[in-house]
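See structure below.
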């Protein structure tokens, strides 16, 4: 079972990161063509007309199907942290396709992600035996999870209608907060729907239950919301900052939701729980190390996919001030500074 989950996560990670690389290549090309006139971060949707973006989206969908299957066979507290495997594949693909060389700190970050993932896999709880989608519905309608869902929905609406119009372009936590909060509910719904389909394919029809279709509607609504605001976050802020923060918040909230709804920790002793948390912290350390040092290439300027040196800043300034620092505190190089390197 563990091998099956690992295979599904590796496949989904590969497909998802191929989609990220494709979409990133499109963003770079689109920036050069349109000079950021129609960015997703300011409400633009011009990327929907680009074949390269759709190629990335299709590979992402294939990866999510494998991810979906993994949730049907294992607890979310195991599957979600294993998303860190995508960081390793992303680093390799970026090295090959985007010429973003993987240096010693990047390799160390990848090793930490592997160690943390292995720790979680070895101490993860067993999957809860569920015989119908109605049983999942009973778990979802218990007072503890209803209270959690109300808190999540209230916080999401406050962020969308109050804070995003004012702070969406300057505070990274606003967009990522919406994605992470909604994402925790989407994972619970995906798991419920996955269990229903697994039982249906095994001969116990769950499509006759209205709860199955309600979970499906929730999945679609949550995923569309996540895609919209994650695109805005990636288009507005530096990817090196968005990725680790989103991974941390999304995974933490998903684990919390799974513990509340499926009571994963009730079937474990304190030693196993502490070991899992240590594995999760190790993954977080590797994730932040990899992303925060991803532009360190031994003093060399990375090349564009065409092989030519960049004439734009190494990092596209997003909300930078007159001192050359972005709002998330990452120093930016000006075009003049890059030219002087030659």
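The backbone N, Cα and C atoms fix where each Cβ goes, and this holds for glycine too.
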According to TrEMBL, transmembrane segment applies to one of these ranges: 68-93, 302-327. Which one is it?
68-93
To which of the residue ranges 13-30, 31-48 does TrEMBL assign the term transmembrane segment?
31-48
Contact ranking winner - 68-93, 145-165, 172-196, 241-261, 273-290 against the transmembrane segment (105-125), Cβ under 8 Å:
273-290
So if I exclude everything within five residues of the ends of the transmembrane segment (145-165), which remaining residues of that chain have a CB under 8 angstroms from its CBs? That is, six or more out.
139, 171, 174-175, 177-178, 181-182, 184-185, 253, 256-257, 260-261
